[in-house]
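Features as listed in Swiss-Prot:
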type     : residues : note
COMPBIAS : 190-201  : compositional bias 'Basic residues'
DISULFID : 80-134   : disulfide bond
DISULFID : 94-148   : disulfide bond
DISULFID : 105-165  : disulfide bond
DISULFID : 109-167  : disulfide bond
DOMAIN   : 82-172   : domain 'CTCK'
CARBOHYD : 53       : N-linked glycosylation site
CARBOHYD : 175      : N-linked glycosylation site
SIGNAL   : 1-23     : signal peptide
């Protein structure tokens with residue numbers, strides 16, 4: 001009689017334990033691997049998507065590098081450095097009473113934003129293109145008075161001085177002494193050239209010799 005009573009007590013204890021587990025839910029039940037079993041019928045919510053998610057494979061800025069804070073919108077502008085030169089105007093033995101000041105376009109073309117005293121801006125169409133030079137752009141006329149030795153009467157003369165410079169590029173169609181300007185007008189095809197006649201082959205020459213006989 002004691003054995004059946006003990007079995008009944010064990011069954012009651014096991015039943016009570018299962019009741020307690022069902023009351024607390026499956027989350028309180030752990031298996032041997034110490035893994036929490038999720039509740040049946042419920043699915044874990046997906047993690048919220050970050051607004052500024054940079055791990056996604058998305059093209060940002062149109063596939064271009066981000067805008068540099070020091071770069072201006074018009075970074076294609078290039079200009080010459082302003083160089084002043086003072087000289088006397090001479091005409092034979094006569095020389096001007098006062099020196100004249102003009103610009104010398106011998107500087108190297110560079111970004112206009114980096115040149116504080118830049119003049120005459122041009123467009124840099126291709127950074128890896130041909131060579132660029134700084135050449136005179138506009139001139140101004142100035143009248144100077146020349147003094148001649150020997151007590152001769154002074155005389156006036158009009159000279160042309162450089163007023164501004166600009167950047168021009170060398171092209172592969174010209175040598176380095178010829179410069180080409182920017183813009184769509186620079187890409188004009190050369191007119192007046194006739195196509196070269198094709199050289200005749202040896203077979204054509206042989207046929208003409210046979211017909212000559």
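All residue numbers here begin at 1 and follow the chain in the order shown.
Cβ from N, Cα, C; glycine included.
DSSP assigns residue 134 (disulfide bond) to a strand segment in the three-state reduction. According to DSSP, residue 109 (disulfide bond) sits in a coil region rather than a helix or strand.
Put simply, 134 is the one of the disulfide-bonded residues 109, 134, 148 whose Cα lies nearest to the Cα of residue 165 (disulfide bond). Within 10 Å of residue 167 (disulfide bond), counting C-alpha to C-alpha distances, fall the following of the disulfide-bonded residues 80, 134, 148: 80, 134. Straight-line distance linking the Cα atoms of residue 105 (disulfide bond) and residue 134 (disulfide bond), rounded to a whole number, equals 6 Å. When secondary structure is read from DSSP and collapsed to three states, residue 167 (disulfide bond) falls in the strand class.
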